[in-house]
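Summarising the annotation, Swiss-Prot assigns signal peptide to 1-19. The domain 'Peptidase S1' feature in Swiss-Prot is assigned to 20-233. Summarising the annotation, Swiss-Prot assigns disulfide bond to Cys40-Cys56, Cys131-Cys198, Cys163-Cys177.
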Amino acid sequence: MKYVFYLGVLAGTFFFADSSVQKEDPAPYLVYLKSHFNPCVGVLIKPSWVLAPAHCYLPNLKVMLGNFKSRVRDGTEQTINPIQIVRYWNYSHSAPQDDLMLIKLAKPAMLNPKVQPLTLATTNVRPGTVCLLSGLDWSQENSGRHPDLRQNLEAPVMSDRECQKTEQGKSHRNSLCVKFVKVFSRIFGEVAVATVICKDKLQGIEVGHFMGGDVGIYTNVYKYVSWIENTAKDK
């Protein structure tokens with residue numbers, strides 16, 4: 001089902017004032033977590049590992065990589081089953097904190113121009129830094145249930161103090177906040193907000209309890225790098 005929203009109401013869905021102009025943005029690290037429930041987006045961080053929000057732990061999960069367009073095949077398409085899913089130890093469905101999980105793929109993804117891992121952040125990002133937000137949307141000709149179009153936009157990172165003053169940010173720990181400065185609208189399918197990439201490194205990933213407004217709240221990946229690296233060790 002598709003709805004009309006505004007960027008200030010639901011962050012992370014990507015659309016244009018002129019819906020006749022659509023293009024595929026480069027975001028080869030994005031993977032689509034396909035299930036019988038709501039769509040979710042993850043990030044390939046190693047050929048065998050995907051980082052995703054823990055609330056995306058869904059039945060019959062399949063990981064889709066490469067080209068997502070069902071009517072156009074280009075040889076980059078891959079669908080891989082998970083063999084292990086590890087949620088962050090402190091995650092709870094009742095709170096927005098620690099909303100991370102790692103997915104180990106049954107076999108390594110085959111890397112190509114549309115399938116590439118993304119490096120994890122090594123430092124906290126400075127407030128005011130303009131970062132890239134990546135997500136998935138529905139192309140104009142797609143009337144199906146699953147998104148098929150990678151989309152990017154830019155937004156500045158807020159300071160922790162600014163974030164804590166907002167309705168969305170005050171209840172989040174280990175968060176990263178961005179300020180949306182443009183509002184466009186068109187009909188689109190609801191999809192997860194996905195990622196924040198700063199200086200070509202994964203800095204933030206969506207949380208599951210978005211509250212609306214013009215501020216996007218993300219889990220600060222840098223705060224969890226030790227857990228991610230220890231869990232996703234290639235044996």
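Even glycines carry a Cβ here, placed using N, Cα and C.
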In which DSSP state, out of helix, strand and coil, do we find Cys56 (disulfide bond)?
helix
Please work out the mean pLDDT for the residues of the domain 'Peptidase S1' (20-233).
85
Count the Cβ atoms, other than its own, that fall within 10 Å of the Cβ of Cys198 (disulfide bond), considering every protein chain shown.
21
